[in-house]
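Pulled from TrEMBL:
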TRANSMEM  206-226  transmembrane segment
TRANSMEM  233-251  transmembrane segment
TRANSMEM  289-310  transmembrane segment
TRANSMEM  330-354  transmembrane segment
TRANSMEM  427-454  transmembrane segment
TRANSMEM  475-497  transmembrane segment
TRANSMEM  575-596  transmembrane segment
TRANSMEM  617-637  transmembrane segment
């Protein structure tokens, strides 16, 4: 039934395809394969209502056969694996226990818990790790598997303070025989120790981290409010600062140029000395400083000319930034909408992750022949544990066993798992883009209702954010989904190109690598362009309620008719918002640094004792930046919406009584348009 649905999938909508993927994953998948380790019989360790319910840890009969910890974690170690309730805590060998079981039964009772279930014959000769391990060594559980209890004593690797152990075959071996596995295991255990300390730091300092993030939220809100008064000041300070720095650079280049006058060799040209690896050689030439001075003069002139010819557009951009701050002041609820987008994206990620896990674990148990003889021709071949003892494999390869190897399969369904994973990734991208599009359209609708209010704030509708969200859900779902679909297709192609690039990284074909690089660059540019088009199309959808294609076309041509204003507004907005993020994250980070390092006397007694002070400090800095980004993303959407509304206002209205402008008084004065009508002036 599943495979018939696959064929029908290409003739139905993508939602049906995702339902098929979801159905196949849940029918065939089994997340227990990830949660629980699996023994040599394909049984889960620690699974409830089974014989292994209280045996939660996986034990390896002969860990010396495991080359590295990765082999252990991937369940591909060529030795018998058994579920046990606890790891061994002592050294012991089967030969020693066998020799003393009559007068030391406690040792045998302890040792046999690591043997196969039901085995209770200490007189039997076991030399191939068939029924019992030939040796046990002190271990501790990690990742629900028994790892040797390695430690370092005076720079020497030990296990339970011993450097040697008996291997159960009459030989005394050194702990360094496990060095290949020990190195990787020790790194993992060290990482685990660091992880536990980091967790402890979070458990102690979470209260202060939340306070810092709340402070970052208040700073972000304050910055947005102050932009109404400081946007122009901040921008012009930055511009004149850049002009001043470039001017100093011009003076310094002239000073160096004049200072080198008369010095032997300084009048040589770059062509005369040729290519030099030491860049200081070029700094001894007058021609170098002359070139620097000419370049800086050119940049200075370009900036000054741009300021002269674009001064009105810069004033419009600053006025729109101030208007955006005023709009957010009237619709404060929009600042908290990113929480809704975050929750929707979190649901999408959870859905994708669960489906991916079910798909990844939808294989059937695969058993392979494990033979101690290297010349056994049946080694590593698949086998059936139910009929294995009736075959002649055990006769040709004494000691061979049919043990669980991994999960997989060769059926038609398993051949399509990669396609299912690809479809799951595609729908994940689609849903995430839809959640983002819904947020952009909702915010655009709220801010558009502010701009087109004839008298502000009297004509602003009640609950503009909730009204806009309702309209987006009720009327614009299809348009938003279509825009998200186009973007998701491009993103999926980029994912496939990255996958191909990773697979072909070792190839010697230069043309293939060049072609992939070009394709990756082209689709990256295409994705950026589509994000820009989609964002403005959603604004037009929120304003006029037209379909996606019509809105995208009208938005694109509207922006092209105002391309210079778009460029100026974009750069001014990016600069101010980036400055705001740096100020918020940097300010809160500095305060957190002084607090956690006990440099604020008032709070010295309140500072918790931590293992790593950088843990809460880094969390506060990154968290503050993300909080500021969330607030400022709403502000950026507000400015973009007001700009499109402003451009529409200019084209559709003429300032007359019949067609009055809806723009603010400051924008009206900058443009020098007709005088506002009395009714508008009151607003």
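Just so it is clear, glycine is given a Cβ too, placed from its N, Cα and C backbone atoms.
Bear in mind that TrEMBL entries carry predicted annotations, made automatically and left uncurated.
The stretch with the most CB contacts under 8 Å to the transmembrane segment (289-310), chosen from 206-226, 233-251, 575-596, 617-637, is 233-251.
Each of 206-226, 330-354, 427-454, 475-497, 575-596 was scored by its Cβ pairs under 8 Å to the transmembrane segment (617-637), and the highest score goes to 575-596. Counting residues 6+ beyond its ends, the transmembrane segment (427-454) has Cβ neighbours under 8 Å at 14, 17-18, 21, 324, 327, 330-331, 334, 337-338, 340-341, 344-345, 348-349, 351-352, 460-461, 464-465, 467-469, 471-473, 476, 480-481, 483-485, 487-488, 491-492, 534-535, 538-539, 541-543, 634, 637-638, 640-642, 645-646, 649, 660, 662-663, 679-680, 683 in the same chain.
Within the chain carrying the transmembrane segment (233-251), a Cβ under 8 angstroms from the stretch's Cβ atoms is held by residues 292-293, 296-297, 299-300, 303-304, 307, 314, 318, 572, 575-576, 579, all 6 or more beyond its ends.
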